[in-house]
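Colleague: One structure coming up, written as structure tokens, with questions to follow.
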Amino acid sequence: MKLATEVDIELNNGKKIPALGLGTVASDDPKDVKDQVITAVKAGYRHIDTAWFYGTEKYIGEALKELFDEGVVKRDDLFITTKVWPSFYHSPEKSLDQSLSDLGLDYVDLFLQHWPVCLHGDENGLPKAPKDANGNLEYDDDPVTGTKFIDVYHTLEDILDNTSKVKAIGVSNYSIPKLRELLPKVKKHIPVVNQIEYHPHLPQQDLVDFCEKNKIVVSCYSPVGSGGAPVLKIPLVKELAKKYDVTENEIANAYNILNNRVTLPRSSNLERIKTIIRLPPLTKEELDELYQVGVNDPHRYICDPWGYGLGFKWWTGDTLSKEFD
Ligand SMILES: NC(=O)c1ccc[n+]([C@@H]2O[C@H](COP(=O)([O-])OP(=O)(O)OC[C@H]3O[C@@H](n4cnc5c(N)ncnc54)[C@H](OP(=O)(O)O)[C@@H]3O)[C@@H](O)[C@H]2O)c1
């Protein structure tokens, strides 16, 4: 059977991104991420997805140093993504410098704007989720009507053009309305990727089609629906795992990869990281059937408060977004 670790997807800048990337949000102790990265790279993963926000970059840096020192891989063999968080929106290069220093790298392959939102962080991007006296998030720009998020993307373009610290730039958590606002204003570099929640329970075909039309690769976070892995409980996922004699996780990843999307699983279980790398050859009919699961029963599992109002469908409690329908 083909391996997911061997599939690359072409980006709009002519470079390639490995379709299987290891997610690095810490499940418990951030230090555990070091072994997760070492295990993944030794198993053949060549793509690590991280962010300043996750607080795990130092441990990823330790893992990379060990892997490079032992000659397991060279820097050029890996594709590493990091992101600038909304509370650090005013200083993307400072955020990037901190990420590079923690990772022990001179450059990242991809630098993403984590959310199209501007939160009121200090010069070091802290606190990460600033709140006012009433417990509401403190924004520096209206999350629904503000346009500062476009300036942040312009700064990413400047970093790409004027430094050697990033090879490509992109976005994350951009809905269709936000992409519609950004794309006509891009100076020179269309985002290569939009990283969003995507799995068989979340049928965002309109967003995927919009990205495809604009040559933006969709990168899927929470491929099994995050904590509790609800996607793995879908009867069709179980049935297909049995049919192809693979794990349910591999069906969830194949659903993305065979549709030309990047998939970003995370696990604290080293055995699981190692063993979920096969790519079962699901048929077009099976991929379509998996899509229908979400059409009939849609669920979004990551409904962070800073995503409220961005125009995503099935965002629990989001009434602001209705105006975008
Ligand atoms: N751009 C963004 O805003 C954003 C947002 C969220 C995530 N991300 C990225 O995407 C990555 C993955 O996201 P995620 O953590 O939400 O996704 P996920 O991979 O869908 O879910 C991981 C969770 O599923 C559990 N799991 C996986 N397989 C299982 C199995 N066979 N049985 C039981 N439990 C299982 C894992 O537990 P175990 O640890 O026990 O395996 C873990 O708790 C993150 O690490 C991050 O890199 C990006």
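Glycine is treated like the rest: Cβ placed from N, Cα and C.
According to TrEMBL, the protein carries these features:
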DOMAIN    20-291  domain 'NADP-dependent oxidoreductase'
ACT_SITE  Tyr54  active site, proton donor
SITE      Lys83  site 'Lowers pKa of active site Tyr'
BINDING   His114  substrate binding site
Colleague: Determine the Cβ neighbour count for His114 (substrate binding site): the number of other Cβ atoms within 10 Å of its Cβ.
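Modeller: Total other Cβ atoms inside 10 Å, all chains included: 23.
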Colleague: Could you tell me which three-state DSSP class Lys83 (site 'Lowers pKa of active site Tyr') falls into?
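Modeller: Its secondary structure by DSSP: strand.
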Colleague: Looking only at Cβ atoms, how many others are within 10 Å of the one on Lys83 (site 'Lowers pKa of active site Tyr')?
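Modeller: So the number of other Cβ atoms within 10 Å of Lys83 (site 'Lowers pKa of active site Tyr') is 27.
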Colleague: Just counting, how many other CB atoms are there within 10 A of the CB of the residue listed as 'active site, proton donor'?
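Modeller: Total other Cβ atoms inside 10 Å, all chains included: 20.
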Colleague: Quick one: mean pLDDT on the domain 'NADP-dependent oxidoreductase' (20-291)?
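Modeller: Its mean pLDDT is 97.
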Colleague: To the nearest whole angstrom, state the Cα distance for the pair Lys83 (site 'Lowers pKa of active site Tyr') and His114 (substrate binding site).
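Modeller: Spelling it out, the Cα of Lys83 (site 'Lowers pKa of active site Tyr') and the Cα of His114 (substrate binding site) are 5 Å apart.
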Colleague: Cα distance, His114 (substrate binding site) to Tyr54 (active site, proton donor), nearest Å?
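Modeller: Here the two Cα atoms lie 11 Å apart.
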Colleague: In which DSSP state, out of helix, strand and coil, do we find the residue listed as 'active site, proton donor'?
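Modeller: DSSP call for the residue listed as 'active site, proton donor': helix.
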